[in-house]
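K.L.:
Got a structure for you, written out below as structure tokens; questions coming shortly.
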Amino acid sequence: MTELTNADLLTAIVTPFTDEGTIDYPALDQLTEHLLQAGNNGFVVGGTTGETPTLSHDEKIELYTHFGRLIAGRVPVIAGTGSNNTAETIAFTNEVAQIEGIDYALVVVPPYNKPNQRGMLAHFTAVADAVELPLIIYNIPGRTGVKMETSTVLTLAEHPNIAGIKQCASLEEFQTLVENRPAGFAVYTGEDAQALTTKVLGGDGVISVAAHNYAPQMRAMYDALSAGNYQVAAKLQRWLTPRMAALFMFPSPSPVKAVLAAQGLATDHCRLPICDLTAEEKEQLATALGLPSDALAGQLPTDLGEGLTND
């Protein structure tokens with residue numbers, strides 16, 4: 001098992017699709033190696049950005065098996081296994097636990113059902129008690145319709161098979177988690193714009209969408225922070241923040257995929273109900289990213305911040 005100990009920049013990786021709509025494994029391999037070289041030191045596969053609701057059970061198993069072999073222990077891999085059915089989550093997580101190279105299971109707060117805090121506590125306790133993989137809680141109220149309160153997270157953090165959380169909430173809540181977590185419980189932000197602040201507060205890092213397109217700058221930001229170059233780190237975060245926001249101006253992951261396509265790293269295809277960006281939307285996105293309006297119709301470099309002054 002590859003642990004999260006030194007993993008601070010993890011990408012919630014997209015699932016590339018071919019023109020025919022199947023998973024594009026050569027593109028996934030190319031993108032993964034690019035991200036590793038750019039400074040990523042962990043991945044979530046089959047998460048929100050991976051369009052997991054549109055993947056069949058067999059596709060997920062095939063995807064996770066392929067990805068585990070590809071990474072081969074170089075960095076930790078977290079696979080999405082959660083659902084709003086506790087028994088189904090247990091069964092699928094135990095199936096994924098048999099896949100070599102998968103280190104953790106990402107289990108989302110159950111969407112749609114809208115359980116209360118007692119229900120969330122019971123759900124995660126039941127899953128953690130019954131599965132082999134250590135769990136990462138995924139608290140993303142904007143998508144699930146309910147929020148796991150900090151007190152509930154801290155109760156679950158004491159469970160020996162719950163290893164951490166991907167938290168999409170306020171900085172105040174993040175700070176409370178960091179201050180009160182038990183030893184060994186990892187706290188990651190799922191909000192790119194919080195990437196620097198959460199590290200300053202003592203968190204473990206970010207599970208990122210923007211790292212697909214801005215990994216060198218995000219790695220440089222964290223390296224600057226570690227070296228005590230706070231002005232450099234802050235400057236990079238200020239440069240990144242509007243670009244991070246732009247990557248969510250249309251339903252994710254369509255903006256990220258549009259940029260990856262222009263970089264030659266993957267196609268821009270999404271699965272319905274997420275649509276590929278139109279030509280007009282690509283122009284709007286390019287402008288918001290600080291690029292010429294026609295930039296996404298051409299070829300972009302793989303380093304979008306090349307030449308950025310950061311000293």
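Every residue gets a Cβ built from N, Cα and C, even glycine.
Look at Swiss-Prot and you will find Y138 tagged as active site, proton donor/acceptor. What Swiss-Prot records for K166 is active site, schiff-base intermediate with substrate. As annotated by Swiss-Prot, pyruvate binding site applies to T49, I207. Sequence annotations record features per position, and here Swiss-Prot assigns site 'Part of a proton relay during catalysis' to T48, Y112.
Describe the structural surroundings of these features, if you would.
P.N.:
Taking the Cβ of Y138 (active site, proton donor/acceptor) as reference, residues of its chain lying under 8 Å away and at least six apart in sequence are, in sequence order, G47, G80, G82, L106, V107, V108, V109, I165, K166, G190.
Classification of K166 (active site, schiff-base intermediate with substrate) by DSSP places it within a strand.
Close to I207 (pyruvate binding site) in the fold, though at least 6 residues off in sequence, lie L10, T11, A12, G42, V44, G47, I78, K166, Y188, T189, G190, each with a CB less than 8 Å from its CB.
T48 (site 'Part of a proton relay during catalysis') falls outside any helix or strand according to DSSP and counts as coil. Within the same chain, residues at least 6 positions away in sequence whose Cβ sits under 8 Å from that of T48 (site 'Part of a proton relay during catalysis') are A12, I140, R143, S252.
In the three-state DSSP classification, Y112 (site 'Part of a proton relay during catalysis') falls within coil. The Cβ of Y112 (site 'Part of a proton relay during catalysis') has 10 neighbouring Cβ atoms from other residues within 10 Å, across all protein chains displayed.
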K.L.:
Around the Cβ of K166 (active site, schiff-base intermediate with substrate), how many other Cβ atoms lie within 10 Å? Please give the count over every shown protein chain.
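P.N.:
A count of 26.
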K.L.:
Between T49 (pyruvate binding site) and Y112 (site 'Part of a proton relay during catalysis'), what C-alpha distance do you get in Å?
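P.N.:
On Cα coordinates alone, these residues lie 19 Å apart.
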K.L.:
Taking the Cβ of T49 (pyruvate binding site) as the centre, how many other Cβ atoms fall within a 10 Å radius?
P.N.:
22
